[in-house]
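According to TrEMBL:
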REGION    24-92  region 'Disordered'
COILED    145-305  coiled coil
DOMAIN    305-658  domain 'Kinesin motor'
REGION    320-367  region 'Disordered'
BINDING   GLY405, GLN406, THR407, GLY408, SER409, GLY410, LYS411, THR412  ATP binding site
Amino acid sequence: MEPQRSPLLEVKGNVELKRPLAKAASRLPLSGRRLKRGPDQMEEALEPEKKRTRGLGTRVSTTYPRAAAFSSAPQMQGQTAVPKAPRKPAPRCSTAVAPVLKTQKPGPVVLAQKPTAAPPMVGGKKPKRAAWDLKGQLCDLNAELKCCREKKQVLDQENQQLRDQLQEAQQQALALGAERRSLEEELTRVRAQAEQGQRELGNLSARVLELEERLGTQEGLVQELQKEQLRLQEERTGLAARLGEQERRLQTSEASLSDSQEEVASLRQEAAAREAVLAEREDRLHGLEMERRRLHNQLQELKGNIRVFCRVRPVLPGESTPSPGFLQFPSGPCGPSDPPTRLSLSRSDERRGTLSGAPAGPTRHDFSFDRVFPPGSGQDEVFEEISMLVQSALDGYPVCIFAYGQTGSGKTFTMEGGPGGDPQTEGLIPRALRHLFSVAQELSGQGWTYSFVASYVEIYNETVRDLLATGTRKGQGGECEIRRAGPGSEELTVTNARYVPVSCEREVEALLHLAHQNRAVARTAQNERSSRSHSVFQLQISGEHAGRGLQCAAPLSLVDLAGSERLDPGLALGPGERERLRETQAINSSLSTLGLVIMALSNKESHVPYRNSKLTYLLQNSLGGSAKMLMFVNISPLEENVSESLNSLRFASKVNQCVIGTAQANKK
C-alpha cells in the first residue's frame, strides 16, 4: 500500500499556489472557518490535534512496560518461575498503531474506556498483582488487549476519515490547479492586451504629437500664405496698373511693329539681293582664282619651266679675298635697278702665255641665267624670287628645286639655312613650307582644305636611305626601294620610309634637325665636312574644294645635290681613299644622268633614262613635262676653285638652254 500524502502538505501547496480551497463536506474536526484561514492559521489550528495525537501515542506505548513488568513480577518476589506468557501479539499491535499515528493527520481522538474489572489504584498507580495471581494477571492482560483493540478500531476509523478527507482535498487541489491555470492564462491574455493597449496608446500619443506638430506647421504656413496673399494682392494691384500701361504701350508697339514688318520685308528683299550678289561674287572670285592660277602658270611658263638661278656665296672669314675683276655682275637691260641676270668670270691662262712667249691676259667667261644673286644677297631675297613657283604646288603643279655645285659652294646653306636657328639665315625648305601653310590658310576662306605629308631621304652610292628613321632603323638604307604606289599608278613611293604629316613650322624644324644628324658627310680636300649624298625633301600636297567638288595633288621636291667636284688627281689610293673614290664616281654618274634626262626632255626624245640613276628615278614625276623645275647653281668666290666653278656654270648654261613642254596641273 502506497503512503498517503499528508492533507496538511496539500493545504500548504495550495496556499503556495495562492489558490483558495473550495468548501467541501469533511468529517475532519476542523471547521470550514478554519479551512478559509491562511496556511499559518491552519497550522496553529491543527497544532492541538497533533499534540493530542502525540499524547495518545505516548499513552499507548506506555502499556508495553506494564506487560513486561507483569511478566517479570514472580522473579522479583523470589517465587517459583512461571512460564512466560507469549508477548508477541501485544508488541505487534503497539508497533502497528504507532506508525499510523505518526503518519496520519490529527483528528478527534476517542479515548477507550477503562475496564471495569481493573484492580484498584493505590497511591495513583495500579497495584501489582501477586505472582501467584495468574488469573488476575490474565484478566489485566485481556483488559489491556481489549483496550488496545478498541483503540485500534478508533484509529482505523480515524484513518479512514483522514483518507476520505485526503481524497477530497486532492480533488479540491486538482480543481483549484485547473482554475489556477485558467486564471494564469486569463492573466497572460489580459497582460498581452494591456501591453498592446500600452503600445497603441504610445502610438496614438506619438500620432497626437505629430499631428499637433503638423498642425503648428500648417498654422504657420497658413499665416505665411495669408501674408503672401496680402503681398500678392498688392502686387496684383500694381500689375494691373502696369498692365494698363503696357496695353497702351502695346498699342503703340503694334503700330511700330507694322512699320517694322514693312521695313523687315524690304530688308529681306535687300538681303536676298545681297546674297545673290554675294553668290555671284563668290563665283566671280572662284573664276578669278582660277584665272589667277592660269595666269600665274602662264607667267611661270614665260619665265621657263626650267629656270636656272646662279648664286655666289660670300667670302668666309679666313679665306683669301679674290682679286678685283675676278667676278663681275653686269647690270640688266634696264640699268642698275634691274636684277642682275649675267655673270662674268675672269681666268688667266698660264699655258697660253708660255706657248706664245709673252704673258697672256685673263680670259673672260660670260654666262647668262634667269637670275644671278651676288654674294651680298640674303636668304629672304632668294626666296622672294621663288615664292611664286612654290605656290604653284598648291595649284596642282609638280615643282622641283635643286641646288647644284661643288662642295663648299653653299648648296646646303641655300636649301636648309645656317646653324643656330637664326630667322635671317633660314633656308628655302623652312621658308617654302611656311609660305605654303600661310597661303593654304588664306585659301581655306574660299573653301579649299589642304593636307601636307613630308618625307626626307638621301641617295648615297646609289642606295636610298631614310633620313627620318629613328631607333634601330637608322642606317638601314638597303631596305628602302623606289616603287610604284600601286598597279597602274604613276606616283612613286619609297618603301620602308617614314611619311610624316605636318601642319606647322615647328614640326618641319624637328624633321630637318633629325635629317641633318642622319646625313652622310665626310672630309674632302675642298671642305672639312662635305655632303657625300643627294638629299631629297618631298612634300606631298593634297587640296580639295568640297563645295565645288575640285581636287588637286602635286609634290614639291627640294633637292640638295652632292658635291660636283671632279676626281682629285693627287688622291692617294689608300683603303679610305678608295671608298671616297667610289663615292665621287657614284655622285658624278648620277649628276651626269640628271643632265642626260634634262637634255632628253628638252629634245623630246622617246626614251628618257630615268632609271639610270636612283636620283632621276625618284624625281621622275618632278622633271617631266607637267612639272616646273628650278636649278640653283652655287659657285665659290675663290680663285682657287675657278675650275670647278666654270664646270658648274657650263652645266647650268646647258640646262638653261633646255625647254620643256607646257606644264599641266594634276586636277580631278
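Just so you know, the numbers here start at 1 and follow the chain as drawn.
Every residue gets a Cβ built from N, Cα and C, even glycine.
Locations of recorded TrEMBL features on the structure.
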{"residue": "GLY405", "record": "ATP binding site", "Cβ contacts under 8 Å, 6 or more apart": "LYS411, LEU561, GLY563, SER564, PHE632, VAL633, ASN634, ILE635, SER636, SER648"}
{"residue": "SER409", "record": "ATP binding site", "Cβ contacts under 8 Å, 6 or more apart": "ARG313, ASN634, ILE635, SER636, ASN641, SER645, SER648"}
{"residue": "GLY410", "record": "ATP binding site", "Cβ contacts under 8 Å, 6 or more apart": "ARG311, ARG313, ASN634"}
Confidence summary for the domain 'Kinesin motor' (305-658), mean pLDDT rounded: 83
Least buried by Cβ count (within 10 Å) of the binding-site residues GLN406, LYS411: GLN406
Cβ-Cβ neighbours of THR407 (ATP binding site) (radius 10 Å): 24
